C-alpha cells in the first residue's frame, strides 16, 4: 500500500506567543501541529483554538480515566475540531469504546470526526521501565497487546514508536492510522526518547504521521529544519 507520511510539528511550550510564532512561521511547511499538555494547561482551550487556526490540529492530551470521564472530556474538547486526538490504550476496552461513541455523537456523519488514537507504550519507555510498572513484556509485545485491544474496541489508530510499525501492520493491516513520535533526524540529540528513528526510516516502515518537536522548534531556523524533514519524507 502506497502512503504519504505526513509531518506534525510538536509545539511544546507554555508560552502562547512562542507557540503562535511557531504556528505562523511553519504554516506552509508542516502538515499539522501538535498541542499537548504543557501548552493546554498553561494557556487554556481558547489559546489552543487560536494558535491552531489554519492548521490541522493534533490535540495530544492522552486522556486516561474512567470511561464516563474520558468520554465527557472528549465531548468538551469537540469544539476545537482536532484532526487527531489521544487517549491511553491502557484505559481498557470500555474506555476506548465510550470515547469512540462520544466523538461520533459530537460529530454527525456528514462532518469530519477526529481520529481517535490510542497511546500504546510511551517512546520514553524501554523494557526496564515497563518492568518497573509491573509489565513483564518487551515494548513490542506490550504495544501489540494494547494495539490489538484498542483497534478492536474502536480506536482509529495508535501512537507507537517507529520500531513497532512493522509488527503492527502485520497484525492489524494497513487501515489503522499510525502516529509515530520519537523521531530524530540524523545527528539530532535523542533527549529523553529511547526508541527512536529518523524521518526517512519511519516513512519507509509505514508511518502515517510522524511527530517532531525539539529538532524543529529548537533549531536555529525552524522553517528550514521542517523543510529538510519534509524533503526527507518525500524521498523516502
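Here the Cβ of each residue, glycine as well, is placed from N, Cα and C on the backbone.
According to Swiss-Prot, the protein has these features:
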BINDING   12, 34, 60-69, 123, 184, 193, 213-214  substrate binding site
ACT_SITE  62  active site, proton donor
For residue 61 (substrate binding site), nearby residues of its own chain (Cβ under 8 Å, 6 or more apart in sequence): 36, 37, 40, 73, 77, 85, 86
Residue 123 (substrate binding site) to residue 62 (active site, proton donor) - Cα separation in whole Å: 14
Between residue 12 (substrate binding site) and residue 62 (active site, proton donor), the C-alpha gap once rounded to whole angstrom: 14
Residues that sit under 8 angstroms from residue 67 (substrate binding site) by C-beta distance, when 6+ apart in the chain: 91, 92, 94, 95, 97, 98, 99
